[in-house]
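Student: I'd like to ask you about the structure that follows.
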Amino acid sequence: MKIHEYQGKEILRKFGVAVPRGKPAFSVDEAVKVAEELGGPVWVVKAQIHAGGRGKGGGVKVAKSIEQVREYANQILGMQLVTHQTGPEGQKVNRLMIEEGADIKQELYVSLVVDRISQKIVLMGSSEGGMDIEEVAEKHPELIHKVIVEPSTGLLDAQADDLAAKIGVPAASIPQARAILQGLYKAFWETDASLAEINPLNVSGDGKVIALDAKFNFDSNALFRHPEIVAYRDLDEEDPAEIEASKFDLAYISLDGNIGCLVNGAGLAMATMDTIKLFGGEPANFLDVGGGATTEKVTEAFKLMLKNPDLKAILVNIFGGIMRCDVIAEGVIAGSKAVNLNVPLVVRMKGTNEDLGKKMLADSGLPIISADSMEEAAQKVVAAAAGK
């Protein structure tokens, strides 16, 4: 789960991390009111969307008068903001953050992630803040410094000081940087975050260290422990299809292709998508119905996939372990009839009650294309999507 910048800064503030004064605004008049409350002479008007690259896309403006705050708020609020993370369709801006201006001298980067290779929490830092860290990592990996943090000890003073020095924090400002890094770690740990990022971390002309941005991602499996984080959820920023899928306990992620995938098990789902791509196709979605799929869930899964206007074919790939193939067959038949399926459907089933499931499909009268192997299924669905 992602949250907005202003929400991330609320979290940082709770953990003692220095951030500029600012508030969210949901209208132009409210933006002006916030600016007047903060006082001048400089304000930053920021679009609030769940994507990076807002500045390059025109979603961050520096205002030097209340009139400019109104002008920029009017420009940004409601705009379709396109960044390298939104895709060409962009994301509509429904919220702003109005913040006091900052004396920017040195922009740094710091973040915390869970490293899958070491299975540890890793603190990363770079002297190249205020830009795309992915680009820095690709072109200048030597500028990315990493510290492995042991959960039993937390981020030690020496570790924080060492990283701060390596990324260029002046010696006199290292105690401030240490407090920010340790506060960021505590926020990451105590909220079950999967990412906590400050970009940029600013060192001002007088040596003050302050977080000018905040980005958090949270482990959705841990949200039951954090109702205060769930309260930050903004459904306007999420894919409507993914929201609908969650109501039926379906793991669904929209993709850019034209071949729908309905699979049981995340591993098999990823292997299915890889095999489709191997034979020249493009998956339209990741969809895991899980081990306890019912006829209703399968029907809803079909409805979700068919809402995609680019859909050209569907592949159902089932391994019947806990899940019985006859139950899936029943759902496929009911779902196909309920939605008046009008795209080619390829079905491959193996495992528990496989023969019964195949017989049910064969007797259904539906134009279902059967396959015995995953490779055969992928080849057939790619051909069907291409109209062959």
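The backbone N, Cα and C atoms fix where each Cβ goes, and this holds for glycine too.
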Student: Please state which member of N258, N264, N285 Swiss-Prot lists alongside G321, I322, M323 for binding substrate.
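Tutor: When Swiss-Prot describes the substrate site, the candidate it includes is N264.
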Student: Cα-Cα separation of G321 (substrate binding site) and G55 (ATP binding site), in Å?
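Tutor: Here the two Cα atoms lie 50 Å apart.
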Student: Could you tell me the C-alpha distance between G53 (ATP binding site) and N199 (Mg(2+) binding site) in angstrom, no decimals?
Tutor: 11
Student: Considering every residue in the domain 'ATP-grasp' (9-244), what is the mean pLDDT value?
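Tutor: Result for the domain 'ATP-grasp' (9-244): average pLDDT 93.
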Student: Going by Cα-Cα distance, which of the binding-site residues (N199, D213, N264, I322, M323) sits nearest to E99 (ATP binding site)?
Tutor: D213
Student: In whole Å, note down how far the CA of D213 (Mg(2+) binding site) lies from the CA of I322 (substrate binding site).
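Tutor: That comes out at 46 Å between the alpha carbons.
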Student: Out of E99, E107, D213, which of the binding-site residues is least crowded by other Cβ atoms within 10 Å?
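Tutor: Each of the binding-site residues E99, E107, D213 was scored by Cβ atoms within 10 Å; lowest is E107.
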Student: By a 10 A CB contact count over all chains shown, which of the binding-site residues listed here is most packed: K46, R54?
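Tutor: Within the set of binding-site residues, the most crowded position is K46.
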